[in-house]
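Copied over from TrEMBL:
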COILED    302-329  coiled coil
COMPBIAS  459-468  compositional bias 'Low complexity'
COMPBIAS  469-483  compositional bias 'Gly residues'
COMPBIAS  494-505  compositional bias 'Basic and acidic residues'
COMPBIAS  506-521  compositional bias 'Acidic residues'
DOMAIN    23-73  domain 'Ubiquitin-like'
DOMAIN    282-322  domain 'UBA'
DOMAIN    354-394  domain 'UBA'
DOMAIN    414-453  domain 'UBA'
REGION    459-521  region 'Disordered'
């Protein structure tokens, strides 16, 4: 039955609508026809909320519209409507980004079983894994680094407004970390410089006072983490000078801020220093040609020469070390992926942590079966002594063995069920599929047999291998559990249950981790400097005038 809607605003009247059939789009169409305008140029507000349905599938009743509801119609320009939609999409995306970073940081900082096949781990500038502060500090640092990594990619794409939003989120994340921990790293001062760079690229002069304070803090932060005159950085990277481009950008921005603040002398000094650094970073054609003649790409060769004062010999050493470092990272990633896959076989502890492989190795080295030792560690939250007590106790040892056997049968059943459903979805009769999977054990062998015996059209095979009474959807492979009726195993470590509990935005998580994994220890110092060069010349001309 049609309901009556009381419309007011740009158009007034009573409209009859089928609430269980009409969508927002259809309602807008009805009203816009009466206004002789596009439906994109009106907004509908009901009970204080804008009526919207992004997918166009929800009915009015599902959106809370009732009989005699009052609906306000407002006019907006098409461009304004698009802007509102774009702003809303941007806000939603930022919320998703924050939620994904929070979820990733919590899982990887708290030592939970990785849902992915990798671990996010903090590294120092030598590429070594480090543990900084408490778990809360680790989470805050990871979130800050993820946001900063995403923002840097947005800066490279010249999406400066979007980058500012993400950099602000990164700044907030870093602020949650203990200040003593933050002082050890240069990520925060670099983030501050990136924020001021975005102000400059957006020509936002209104942020000058904030910019000056940010640059002051950035300079102090870099000196704390790099040492006076980059002495600590030099120890880490030998005779390399990776920080030169970063200092060039810092001095350029200090000069720009000083100029707009009326301090011409400071502006001149900072801009001249920035130009000197730029000249220092110019790569001579001869040296570049030498490196490229050795087989190195232009970008890699330029980077090596810039970071090594144009010294060819040191640049070659730098490139060799960089290649070795990348190869080591590949090997470490493969090793860690293999470790995670092994840990996933053992399930999770009561606190959702993976089995500690180092402790497992110790127990195996003194003669215990690997599966048995892993299950004992899992049950005892990786406490070696308690695990050892259970392994040496005949009763608990026997219980663990029974549980392992039961788990194997359960996994075999699950594998068989999955194979059955997949083969049935191909068109083979369920009873034939069940018999084939039971007889041959694996999906591949069962499929080969089915293909030899019948086409997937429901006809019986020429060499029927027997029927099965378990032809319903619950048919499964393997025997029953060794547990008695009504018995359960507490904290059974079922990984599938744990993975189902984890709420994930896979698309956004992959976007964040891709940004991190594409970086190396020199990414923050590797700049093209094209815009910087133009800005140096522009502001030196202004200072001279």
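From the backbone N, Cα and C atoms, a Cβ is placed for every residue, glycine too.
Residues belonging to the domain 'UBA' (414-453) score a mean pLDDT of 79 in the model. Under 8 Å from some Cβ of the coiled coil (302-329) lie the Cβ atoms of residues 127, 238-242, 244-245, 280-281, 283-284, 287-288, 290-291, 294, 296, 520-522, 525-526, all in the same chain and six or more residues away from its ends. Residues of the domain 'UBA' (414-453) grouped by DSSP class, helix first, strand second and coil last, total 34 helix, 0 strand, 6 coil. According to DSSP, the secondary structure content of the compositional bias 'Acidic residues' (506-521) in residues is 12 helix, 0 strand, 4 coil.
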